[in-house]
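Have a look at the structure below, then the notes.
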Amino acid sequence: MEGVDVRLPDPSRSHAVLVGTSEYKSDRLHDLPAVERNLEALRAVLTDPALGGFPEDHVAVVHNPVDDAAVVSEIWRRAELAEDTLLVYLAGHGLAGSRSGELFLALGDTNPDQLPFRTLRYDELRTVVTDRGRFPADNRVVILDCCFAGRAIPAMSGSAVTGLTDIEGVYVLTATAPNHTALALPDAEHTAFTGAVLDLLRTGVPGGPELLTLTTVYERVLQTMRSRGYPRPEQINKDTIGKLALARNAAYVPAATVPEVDIRVVGIGGGGVNALNRLHDEHSAGYRSIAINTDPTSLLMSDADVKVDVRGDLALGVGAGANPELGRLAVTASADDIAAVLRGADLVFITCGEGGGTGTGGAPVVAELARRAGALTVGVVTRPFSFEGRRRAAQAEVGIAELRAVCDTVIVIANDRLLALGDLGVSLMDAFRQADQVLMSAIRSIVHLLTVPGAIRVGFDTVRAALTGAGTAVIGLGRASGPDRIEAAVRDAIAEYQRLTDHGIHGAGVILLSISGDSRISYADVSAAAALVSDTAHPDADLVFGAAFDDSAGDQVEVAIVAARFSTP
């Protein structure tokens with residue numbers, strides 16, 4: 001079976017049987033109304049032409065069976081018909097037998113003290129799943145949502161899990177490990193495990209492939225269950241059956257339909273080039289990087305896509321000597337070269353450390369060139385640390401004022417306030433590195449929204465309208481992991497924002513909320529995060545929010561809040 005392509009089951013040659021018990025007579029087995037909803041919802045997904053694609057008459061539902069004969073008979077009948085794929089789903093109360101590995105699915109009349117009478121014994125299903133001589137299906141998929149469901153895995157071979165490697169074309173997905181109970185929360189629409197499966201199949205994986213394979217479903221559901229502190233599902237499969245798809249990806253967007261935004265990130269001067277290098281190390285996609293400096297060594301060490309040495313004929317030596325006027329003259333002399341590398345850009349970020357020479361004097365020149373080229377121009381700069389001296393601080397204020405005059409928006413990060421948030425005993429290099437990190441995160445948060453697929457995508461026209469002529473902007477960043485990670489990250493971002501500036505969020509006319517994390521982030525997560533920010537904002541503020549996916553971040557999410565258009569300067 002090597003080289004088998006990812007595919008859906010052949011609809012004309014595949015059958016599914018969905019079995020569930022939601023009502024029980026025994027006082028020891030409480031009713032599970034969510035199971036009935038599981039069956040209805042799963043059938044709807046499997047028969048949806050846009051998702052599972054099974055014909056209506058190829059999916060049988062057996063709800064509240066009176067005895068095991070009704071279940072076995074239907075599974076047997078479908079197994080004889082299915083030539084490509086047989087899918088069997090079982091949900092309800094699972095009961096563990098006295099012998100190791102025994103698993104029984106309770107039926108309506110089951111008495112837990114009288115096992116195995118009036119139960120569905122998993123051994124009966126095992127015959128259908130493993131007998132290739134009698135039943136023709138190439139692929140047999142079993143999904144179990146019940147307590148002790150993991151016992152089905154060793155039961156498939158009658159041996160330890162490690163002995164399953166001889167079973168080809170069989171895939172088993174269980175809600176729990178062999179000795180763990182499943183979870184059905186009171187008043188929940190679905191049981192925890194099936195609910196996670198349904199959420200995935202209905203919403204899909206933004207940025208993911210066109211088809212959701214069984215392996216992908218398991219991996220995504222495992223992440224979801226872990227993050228919520230729920231029982232861990234298990235799987236077993238042989239050969240390439242894990243490449244069999246359970247449904248089409250509801251969030252799939254062909255690459256050709258995603259509008260491209262031409263983004264350039266310009267690092268100017270020593271501080272700007274350092275920040276650009278850090279951005280390039282952590283996120284190099286979705287933009288073109290441009291390093292501009294009067295220091296040839298800095299340019300030599302940079303990984304930027306384009307490097308512009310602006311020393312020209314000014315005989316500057318190494319750098320502009322912390323003289324903004326020399327920096328302005330050097331960049332102006334290279335204006336034609338810089339304009340050429342900015343031509344065609346939709347959005348230009350300009351980053352530098354204010355107070356020095358090349359960045360402070362040259363950034364306004366680059367910003368003016370970018371605006372002439374028709375680009376939305378966003379400055380992202382730092383105020384110097386107080387230990388860098390009054391002269392540098394004064395030069396920084398002049399440079400920031402000049403940059404504001406020619407940029408649509410300028411995000412200013414005060415290094416002293418940033419340092420106060422952390423360890424005051426941090427080394428000098430780490431202090432500058434921390435400032436670079438915030439510069440990088442500010443730029444990356446907006447680049448992600450415009451270029452990376454997510455639960456909610458933000459169009460460039462929306463960002464342009466929000467930030468054009470928006471003036472001073474302030475950013476707050478938050479990161480968190482765990483079950484309440486998005487709410488925690490939003491609250492951290494708001495708290496950091498409030499510590500970094502005297503501009504209250506309530507005074508902002510526009511707020512950009514960017515959420516970056518793995519693809520389990522849902523529309524509901526983003527909406528809840530936006531509601532938290534709205535509670536602190538002015539009722540008339542324009543809130544632009546979205547989420548971008550980055551599975552390399554693991555369980556951690558990063559939230560950036562950018563506020564601008566303040567009612568007072």
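Yeah, the Cβs are placed from backbone N, Cα and C, and that goes for glycine too.
Taken from TrEMBL, the feature GTP binding site applies to Gly270, Gly271, Gly272, Val273, Asn274, Gly357, Thr358, Gly359, Glu388, Arg392, Asp436. For the recorded site, Glu388 (GTP binding site), the DSSP three-state label reads helix.
For 262-454, the entry in TrEMBL reads domain 'Tubulin/FtsZ GTPase'.
Taken from TrEMBL, the feature domain 'Tubulin/FtsZ 2-layer sandwich' covers 456-569. Confidence for the domain 'Tubulin/FtsZ 2-layer sandwich' (456-569), expressed as mean pLDDT, is 83.
With DSSP classes pooled into helix, strand and coil, the tally for the domain 'Tubulin/FtsZ 2-layer sandwich' (456-569) is 44 helix, 39 strand, 31 coil.
Most Cβ neighbours within 10 Å among the binding-site residues Asn274, Thr358: this distinction goes to Thr358.
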